[in-house]
């Protein structure tokens, strides 16, 4: 059996926070414990949010696994995918990206198809965010036949409604993904596409599809309609070459969600959407998929893992592909040249006369150190007269030699003001009485404002209003969407978001904290 698991981890360090490790990124066994709990031969992670310069050895080298990373080249702490294969499932080839732009011609997979509709610059941009990683494996069927299986670990872009250019980017990425997958399939390899596709395909895959305008007309859903097919569909030019393994085995399963809003606490009531998939070519899904599952009990991210079990065995390669993380120079154990660590530094100009020193001291400092050492040895060898112990009072006497030999003028302190004699007690009392008489009496309004201010400061914040549906204290939120209300605060029900028919879910109470 071959078990594969995919998980949008929302930062590869996130699930490690709950482990007993003071510094998760330096804990040598933390990530292995996470991988072992997933109990899979191949684990595909999305949204790792690490770049190569911050990748540490405990995250890259895990005992019993060989790992492969794709990093974002455009932004730091953004996107990124990684694939961890058990040594018993070592791939025969691995490649970063979908287009071949970052291919190294050493252990790559190939089979790109006709990409003439893309420019080289567009392909580079599509692959520069570290959203796709391919591993190719040898598998053996129950009949003993060896075949090729290519896994495409993918993290598809999210289309921000406020940024229409991101929708274009997302659809072009979808197009590139489909072309590469179909080219691999045409070359004779079985193909699995697994990861976060960032689209809920059908109304059954969304908690509130009825409230979304033109749900089925969404460009991402229409793309999935063309990519996928149903079990009963007959093969043809307009039939998708891939199948959704979960819907193939669980066609009517309700509330099978994989992603929830953290802000609204929707996971408590399972009010989310299914964005994570394990897709396979039709023949592979129908012939070998024994199970397709979700793991909503696994915490640590706003997504839960998804996976599948195939009725095949993996034939491990004798050697890891060149893309394997253990072959990176920083982890390979090879000695690096010192020139890689040397960076020319700009020296600041020496500031002259930062500290005033007597001229005889400056001349003494400018003498070569070698001459000083020579004169010291000479005095010791000649055995000259020893210095007598000085009297303590000599340190408090003015030195005449210093003023004679030094040409430095010492600054003089200017007088602050004329010297005055201290006032008597009667004069102080008289001045105090005059000062009190000259004071302007404080008005009642000013006194009242000051009293109210200190009362509000000492009494603490006002109590939260009660929501209308449950009569429970509300929570305060801040508007973060750009617009006329940006930055304003409001009160809303503190319960998690859920189905409107569920009485334990959030009610529709809303109140601005301050009137506009």
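Going from the start of the chain as shown, residues are counted 1 onward.
Backbone N, Cα and C atoms are what each Cβ position is placed from, and that goes for glycine too.
Taken verbatim from Swiss-Prot:
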ACT_SITE  303  active site, proton acceptor
BINDING   8, 47, 302  Mg(2+) 1 binding site
BINDING   196, 198, 303  Mg(2+) 2 binding site
COMPBIAS  357-366  compositional bias 'Polar residues'
COMPBIAS  367-389  compositional bias 'Basic residues'
CROSSLNK  370  ubiquitin cross-link
REGION    357-389  region 'Disordered'
ZN_FING   467-516  zinc finger
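Each residue contributes its Cα atom, and for residue 303 (active site, proton acceptor) and residue 198 (Mg(2+) 2 binding site) those atoms are 11 Å apart.
Long-range Cβ contacts of residue 198 (Mg(2+) 2 binding site) within its own chain (separation 6+, distance under 8 Å): 156, 157, 158, 159, 170, 220, 275. By neighbour count, meaning other C-beta atoms within 10 Å, the densest spot among the recorded positions 196, 302, 303 is 196. As a whole-number mean, the pLDDT of the zinc finger (467-516) in this prediction is 85. Distance between Cα atoms for residue 302 (Mg(2+) 1 binding site) and residue 196 (Mg(2+) 2 binding site): 12 Å, as a whole number. In this view, residue 47 (Mg(2+) 1 binding site) is surrounded by 24 other Cβ atoms within 10 Å of its Cβ, with every protein chain counted. Across the fold, the C-alpha of residue 47 (Mg(2+) 1 binding site) and the C-alpha of residue 196 (Mg(2+) 2 binding site) stand 9 Å from each other. One way to see the shell of the Mg(2+) 1 site is to take the Cβ centroid of 8, 47, 302; the remaining same-chain residues with a Cβ within 8 Å of it are 7, 9, 10, 46, 196, 259, 301, 303. In this view, residue 8 (Mg(2+) 1 binding site) is surrounded by 25 other Cβ atoms within 10 Å of its Cβ, with every protein chain counted. Taking CA atoms as the reference points, residue 8 (Mg(2+) 1 binding site) and residue 196 (Mg(2+) 2 binding site) are 6 Å apart. Excluding 196, 198, 303 themselves, the residues of that chain whose CB lies within 8 A of the CB mean position for the Mg(2+) 2 site are, in sequence, 8, 46, 47, 155, 156, 195, 197, 258, 259, 275, 276.
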